[in-house]
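One structure below.
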Amino acid sequence: MKNTTNTKRTKFIFVTGGVLSSLGKGLAAASIGALLESRGLSITFQKLDPYINVDPGTMNPFQHGEVYVTDDGAETDLDMGHYERFTNAVMGQKNNFTSGRIYHTVINKERRGEYLGGTVQVIPHITDEIKKSVRQLDGSVDIAIIEIGGTVGDIEGLPFIEAIRQLRGDLGRDYTLFIHLTLVPYIKTAGEVKTKPTQHSVRELRADGIQPDILVCRTEVPLEENIKAKIALFCDVQQDAVINCVDVDSIYKLPIALHAEGLDSKILELLNIWTANPNIKPWQDLVENIQNPKNEVTIAITGKYVDLTEAYKSLHEALIHGGLANHTKVKLRYVSAEDLESGDPDSYLKGCDGILVPGGFGRRGVEGKIKAITYARENRIPFFGICLGMQLAVVEFARNMAGMSEAHSTELEPNSPDPVIYLTKEWFDYRTNKIQRRDENSDLGGTLRLGAYPCVLQQESHAGDAYGTQEVFERHRHRFEFNNDYRQQLIEKGLVISGTSPDGDLVEIVEIEDHPWFVGCQFHPEFKSKPMQAHPLFRDFISAAVANKKG
């Protein structure tokens, strides 16, 4: 009898960080995934975040940065974006867990009596739930790369460190690998690097029961072999397991840099895996493209969170990808929408080859964004509006082209006499084949139209030309929609509806007639763009910007 049991066992790489935060664990993990994938291995990722929020969906972008949305509607950490951009892995609900989500699950189990009246504790109940979350990935791929958020030594991260310590015992050394990312600072006045922070970070990790197998040392300058030998001696790792990660001027150079240091080879050696030689030529070609652009354009991003560009991380990268597809260097000019409200648009936007208004929530800076849209429309500058940016493009058009001077969104002006954008209280969910319902009293968290939905395109439109197909799936994160009561009236004034839901009820893409390139989309195309495969709308937006610059 044929055995149909899936016997594949996944090997796990755990990535921790020390010394300080924002060292780039997510990019390091993504680069490791890219290198392993280039050797023919199947990979996936998981991010374990120590904060108590259930997910980042309701967190302030100034504190957390971007909320990255997956196809299945998960609101996740921005590192999910790095994972998807660098590899073919598809992220979802099972790829991002927070302390809040773990504790929520455990408390619900306790309320249901699943612990049979026992005392619920961090060990074993919380750590067991963390391990269960990690082991969901077992058997699905060759390698799962698990990033532990925060910094070793943080009190809130201790349950996760303890859980992965236990997992080594549960799974065995052949199936687990610990990589620790640290900082080796360069003291310019002394002209030397200092290894002590790395030594102390590893000591902290070892005190929690974990001996790292590989150290990835972030530095400003290359490490000499004697420095690597010193780190290896004091941290009890092999010298060729001390990987120098020198700062690079483009994140897309990182896989090549880590490969040159032998990181992927060392990982395979320690996990006892044999593979084909890596194919890193696509990354080399990408870097060649980055370093030798044929054109240069300036794109203005008129937004609310311009003081923290991490809030627009995927947007930033997608514009770079659009540039790469056109062999063009993209310079970004972040313009505060609040400043624009009281300022002259010409002083902020003059000289820009394209204008983009991104998504966001709340009324702060809204009139500044509308002024930017008017400037793009009147001056025939390529314009791209995303989510709220698309909604405000409709508002601007209704006000200035259709005679509705008080047109607005009910999110921003509930008593508007012409609510061209309004709260959608029900819609058809094509993933579940059910009607979804929301109202003004619904919780903020997890109640938006989230995840991938189909969009049917109108041919002979900018969107139709960009995609070159009839139907696409794009990711959403919003509550408010185009009000169909105004559809015909706006179409008669020159608004083009070039994308809708399959039933035609939900407006997904709008354009305007007689403009070189003016597109607004209700979804977030930036979440599906990759450096080697730019999203079609970003590709064509940058192409239009290049044409605009050339006149």
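For all residues, glycine too, the Cβ spot is worked out from N, Cα and C.
Sequence annotations record features per position, and here Swiss-Prot assigns region 'Amidoligase domain' to 1-273.
In sequence order, Thr195 constitute the residues six or more apart from Lys230 (CTP binding site) in its chain with CB-CB distances below 8 Å. The CTP binding site annotation in Swiss-Prot covers Ser21, Asp154, Ile155, Glu156, Lys194, Thr195, Lys196, Pro197, Thr198, Gln199, Lys230.
If you look up Swiss-Prot, you'll see Ser21, Lys194, Thr195, Lys196, Pro197, Thr198, Gln199, Lys230 marked as UTP binding site. In three-state terms derived from DSSP, Thr195 (UTP binding site) belongs to neither a helical nor a strand segment and is classed as coil.
Sequence annotations record features per position, and here Swiss-Prot assigns ATP binding site to Ser22, Leu23, Gly24, Lys25, Gly26, Leu27, Asp79. Every protein chain shown contributes to the tally, and the Cβ of Lys25 (ATP binding site) ends up with 26 other Cβ atoms within 10 Å.
Neighbour list (Glu147 (Mg(2+) binding site), Cβ cut-off 8 Å, at least 6 residues apart, same chain): Val15, Lys25, Gly26, Ala29, Phe45, Gln46, Lys47, Leu48, Asp79. Sequence annotations record features per position, and here Swiss-Prot assigns Mg(2+) binding site to Asp79, Glu147 based on sequence analysis.
The predicted model assigns the domain 'Glutamine amidotransferase type-1' (298-551) a mean pLDDT of 92. Taken from Swiss-Prot, the feature domain 'Glutamine amidotransferase type-1' applies to 298-551, supported by sequence analysis.
Residues or ranges marked as L-glutamine binding site in Swiss-Prot: Gly360, Leu388, Gly389, Met390, Gln391, Glu411, Arg479. Secondary structure at Arg479 (L-glutamine binding site), as computed by DSSP, is coil.
Cys387 (active site, nucleophile) is surrounded by 23 other CB atoms, counting those within 10 A of its CB over all protein chains shown. Taken from Swiss-Prot, the feature active site, nucleophile applies to Cys387.
Per Swiss-Prot, active site is recorded for His524 (among others). In sequence order, Val69, Ser314, Gly359, Ile386, Cys387, Glu474, Arg475, His476, Arg477 constitute the residues six or more apart from His524 (active site) in its chain with CB-CB distances below 8 Å. Taken residue by residue with DSSP, His524 (active site) is part of neither helix nor strand, so it is coil.
Annotation source Swiss-Prot lists active site at Glu526 (among others), citing sequence analysis.
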Alpha-carbon distance [Glu526 (active site); Gly360 (L-glutamine binding site)] in Å: 14
Residues within 8 Å of the Gly360, Leu388, Gly389, Met390, Gln391, Glu411, Arg479 Cβ centre (excluding the L-glutamine site residues themselves): Gly359, Phe361, Cys387, Leu392, Ser409, Ile421, His478, Phe480
Chain-internal residues near Thr198 (CTP binding site), provided their CB is under 8 angstroms and they sit 6+ positions away: Gly18, Val19, Thr182, Leu183, Val184, Leu215, Cys217, Ile231, Cys235
Integer Cα-Cα distance in angstrom, Leu388 (L-glutamine binding site) to Leu27 (ATP binding site): 29
Alpha-carbon spacing, Gly24 (ATP binding site) to Pro197 (UTP binding site), which is rounded to whole Å: 17
Binding-site residues compared (Lys194, Lys196, Arg479) - the one with the fewest other Cβ atoms within 10 Å: Lys196
